[in-house]
């Protein structure tokens, strides 16, 4: 294989992993209304299942660095991807809430390890080629979320069970996995690093901003389909489009976010986006038509889209701080949102309804706007 063809194969393999983790996440969340109906659980139980997913994800993030040192990102990515393909169908077979909790815990661990390792593989590709691929890879994740939501909506439209949905999709992708496995890269040799000093407060502040940004995305991803189905009377097929619409808007905006940073600056980009997201939440809360609510979800996706890339960039380029350490700190804080916000929404919704519960992410969007003023250019 020529060097050009090898590079293309390596790039496609890495892109495939970003794509597929988005597909599986959106596919699972898009069929949550059907899973909820089959198991006979309420919003509180759905919230607990999302809590177990969040706890498992953060646990995986905490220990993944040590696991990579021992087993390499290549091997862990292979194992976690296979594990996720095998685990997802069991979410459609869960007979009760406890079983669903166990399944989502396993999903959380697999997704966390997959997430860290696929980013490590993208970095290895950049180091080897001296090129920039991370933006394209992250776009792959967003596109995967869109594809997963569309596939979930299609299976919901034909009234096929979540188990059939997950199993059929996993089986149809077996051929592509065999290709992707062969083109993963070996990790670089480990080198001794200097002892890390105390992280500046600005890095933790960036982590706080990332929590606020993840709240909007997580609210739509975890509760969007149930919100449309139970609170707005949408069909399962329509409700399954919720995260896909949000992800599509995020994808389109992120393709232009770098040029927008140059034109209007970080503060205006993040602050303006936060206000757009807040307006999207208000539209979704007060309008009863589910299709108009989808417009609100698109506003939310477009508004929060540039936040995470910009926040990561500002943290990773902070003077005197190792970029990898800064990004790891911000990511852990950001993913920690999964421990609190989605379950909190479920608990609040159990008492006051999802419409009122969505004022929580609306408030987070306003706080993100306020925090954006700290992202003005440094002197």
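If you go along the chain as it appears here, the first residue is 1 and each next one adds 1.
Even glycines carry a Cβ here, placed using N, Cα and C.
If you check TrEMBL, you get these features:
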TRANSMEM  12-34  transmembrane segment
TRANSMEM  46-64  transmembrane segment
TRANSMEM  76-94  transmembrane segment
TRANSMEM  100-118  transmembrane segment
TRANSMEM  139-157  transmembrane segment
TRANSMEM  163-181  transmembrane segment
TRANSMEM  201-220  transmembrane segment
TRANSMEM  240-257  transmembrane segment
TRANSMEM  269-288  transmembrane segment
TRANSMEM  294-312  transmembrane segment
TRANSMEM  324-345  transmembrane segment
TRANSMEM  357-375  transmembrane segment
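As a quick check, the transmembrane segment (163-181) and the transmembrane segment (12-34) clear the bar of 3 or more Cβ pairs under 8 A, pairs 6 or more apart, so the two touch. Beyond its flanks by at least six residues, the transmembrane segment (76-94) meets 17, 20-21, 24, 27-28, 31, 35, 38-39, 64, 67-68, 100, 103-104, 106-107, 110-111, 113-114, 117-118, 121, 161-167, 170, 173, 177, 180-181, 184 of its own chain at Cβ-Cβ distances under 8 Å. Between the transmembrane segment (240-257) and the stretches 100-118, 139-157, 201-220, it is 139-157 that has the most C-beta pairs under 8 angstroms. Remote same-chain residues near the transmembrane segment (46-64) are listed as 32, 36, 76, 97, 100-102, 104-113, 115-117, 222, 226, 331-332, 335-340, 342-347, 349-350 (criterion: CB distance under 8 Å, separation of at least six residues from the stretch ends).
Counting C-beta pairs under 8 angstroms (sequence separation of 6 or more), the transmembrane segment (139-157) fails to reach the transmembrane segment (269-288), with fewer than 3 such pairs. In this chain, the transmembrane segment (201-220) lies in contact with the transmembrane segment (294-312); the count of Cβ pairs under 8 Å, excluding pairs fewer than 6 apart in sequence, is at least 3. Between the transmembrane segment (357-375) and the stretches 12-34, 100-118, 201-220, 269-288, Cβ pairs under 8 Å are most numerous for 269-288. For the transmembrane segment (12-34), the most Cβ-contacting stretch among 100-118, 201-220, 269-288 is 100-118 (pairs under 8 Å). Residues 209, 216, 227, 232-233, 253, 257, 260-261, 295-300, 302-307, 310-311, 355, 358-359, 361-362, 365-366, 368-369, 372-373, 375 of the same chain lie 6+ residues outside the transmembrane segment (269-288) yet bring a C-beta within less than 8 angstroms of a C-beta in it.
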